[in-house]
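The structure appears below as structure tokens.
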Amino acid sequence: MAARRWAWGPPARAFSTITAKATVPLAHLAELPTSLPTSRYTVTPPVQPWPRRLTARSLARLLLRLPTPHLAVLAFRHALFHAAPPLPPSLPVFAAVLSRLPAADPALLPPVLSALRAANLPAFSDRPFLPLLRSLPPLPSLRLFLSLPSFNSHPSVRSFNALLHSLVSARRLRLAAALFRAAPTKLYITPNLVSCNILLKGLVGIGDLDAALKVLDEMPGLGITPDVVTYTTVLSAYCGKGDIEGAQKLFDDIIASGRRPDVTMYTVLIDGYCQCGNLQDAARIMDEMEAARVQPNEVTYSVVIEACCKEEKPIEARDFMREMLGAGYVPDTALGAKVVDVLCQDGKSEEAYQLWRWMEKKNVPPDNMVTSTLIYWLCKNGMVREARNLFDELERGFKPSLLTYNSLISGLCENEELQEAGRVWDDMVERGYEPNAMTYEALIKGLCKTGKPNEGATVFEEMVSRGCKPSSLLFQVLVDSLSEPRHEDTIRKILETAALYGRYFLDGDSWEIFVRKVVNATDTSNKHLDLVLDM
């Protein structure tokens, strides 16, 4: 029997008959985080430093302090979807990110709302949605309000009022009124006093007094008692329409019903009388106000003082200003300047000066507008020394403005105090102020007035070379002072200056002054005319 042969060599090669498939690209798998171990896959947080121990509280605090809403949304998404491990959804986190969205790009809101809806949080109040409901445009705000149940949050009168605020702010008053009346039956929400006041404010804002009165009449049927804000809003509507009799009747009815008007309500009625020019009744209401032990406030005084200035009653304006200061209120800049101006226009510069002293005693800070007005009038009425003293006092504790310098320089030049005006000019330049057209004109007029037109022409040349536009009145002053033949060279100098720079600011009226005043029938004037025509 033949011996069996064992083959221990390499096995025979085998060739597959299956055709190899084309290579499949696998790069897209890198985008699937679940296909990789978490120890090897991380997403860089959008905020550095990122909290080491991520909790709902730490994330909420982080979202509130980030500089932009966009960055807050990125941090929110990272914490919930990419952090290791992801943070479970919670109400504090959603409340924090929602609070950043009212002033944000509208595109940031839908993803956050989708995440909130998917989180299926336990039932919570509508408070986190209130800022959004107020700030969104009317239709998005209405959609969000109606979708609150989908977030497991049920609307209340608070969110309804926030929606009303959005509608009223956008002047969608018809829709706001319809929702207001449908709220009890369709939305199962009973409007409250705040709801009524929001709607009333909107109706008064568009001048619809009849609709506002209708809401006021409906309030008792809803079990709502109007408050001071309600009545003040309607009162302002009467005054805004000029119906001061209706305003007074409503005011009397309020007092007769046992309610006590506050300072705002009194001020609205006083302003209504002032707008009608009836200062006597305005003063009567102020007397009634004080008898009721309601003290006027800054707005009350300002309204009455403004009306006194408008009606040209300077003494009354001064007395109310003193009373205002005595009560501890500081008038604003414009009001103080008006009182000074109306006193001085009535020839009472001394009273205006004493009022300024009174303001100083009451520690009212110096103001450039008030001081400039007073300096101008003191100089105009020949009280140059008082004007200079006032300026010096201002300069010691406060930096005068260019307007204040101009007022003093103009007044000094008007009173032919050119040397003193020059000193003030130098002080102004040392303080870093550049003379403007008003400064130059004041000095040029002063030089011409004192018989120094040549010096005035030199200043004129500097003025226009610096780009300051002269007025037609200044040209009139110049040519009037240069009408004598001996000023021929100065006239030519002015014309050459005008030819060089005048194309930027000289108009037909200004040239007409030169042609009529300077060009006459003499041979010399023909040269001037040729020069003008060459321009």
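Each residue, glycine too, has its Cβ placed from N, Cα and C.
Since this is a predicted model, take the numbers as computed values, not measurements.
Residues 157, 160-161, 164-165, 167-168, 171, 173, 176-177, 180, 183, 233-234, 236-238, 240-241, 243 of the same chain lie 6+ residues outside the repeat 'PPR' (192-226) yet bring a C-beta within less than 8 angstroms of a C-beta in it. Among the features that TrEMBL reports, repeat 'PPR' is placed at 192-226 (among others).
According to TrEMBL, the feature repeat 'PPR' maps to 227-261 (among others). Proximity of distant same-chain residues to the repeat 'PPR' (227-261), defined by a Cβ-Cβ separation under 8 Å and at least 6 residues beyond the stretch ends, is recorded for 193, 196-197, 200-201, 203-204, 207, 209, 212-213, 216, 219, 268-269, 271-273, 275-276, 278, 292, 294.
Sequence annotations record features per position, and here TrEMBL assigns repeat 'PPR' to 262-296 (among others). Across the range of the repeat 'PPR' (262-296), the DSSP-based residue counts are 26 helix, 0 strand, 9 coil.
Distant neighbours of the repeat 'PPR' (297-331): 263-264, 266-267, 270-271, 274-275, 277, 279, 282-283, 286, 289, 338-339, 341-343, 345-346, 348, 351, 355, 358-359, 362, 364; these residues of the same chain sit at least 6 beyond its ends, with a Cβ under 8 Å from one of its Cβ atoms. TrEMBL lists 297-331 (among others) with the feature repeat 'PPR'.
For the repeat 'PPR' (332-366), the DSSP counts in helix, strand and coil order read 26 helix, 0 strand, 9 coil. Taken from TrEMBL, the feature repeat 'PPR' covers 332-366 (among others).
According to TrEMBL, the repeat 'PPR' annotation covers 401-435 (among others). According to DSSP, the secondary structure content of the repeat 'PPR' (401-435) in residues is 26 helix, 0 strand, 9 coil.
Taken from TrEMBL, the feature repeat 'PPR' applies to 436-470 (among others).
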Tertiary contacts of the repeat 'PPR' (401-435) (same chain, 6+ residues out, Cβ under 8 Å): 368-369, 371-373, 375-376, 378-380, 382, 384, 387-388, 391, 394, 442-443, 445-447, 449-450, 466, 468
Long-range Cβ neighbours of the repeat 'PPR' (262-296) (under 8 Å; 6 or more residues past either end): 228, 231-232, 235-236, 238-239, 242, 244, 247-248, 251, 254, 303-304, 306-308, 311, 313, 316, 327
Helix-strand-coil residue split for the repeat 'PPR' (227-261), DSSP-based: 26 helix, 0 strand, 9 coil
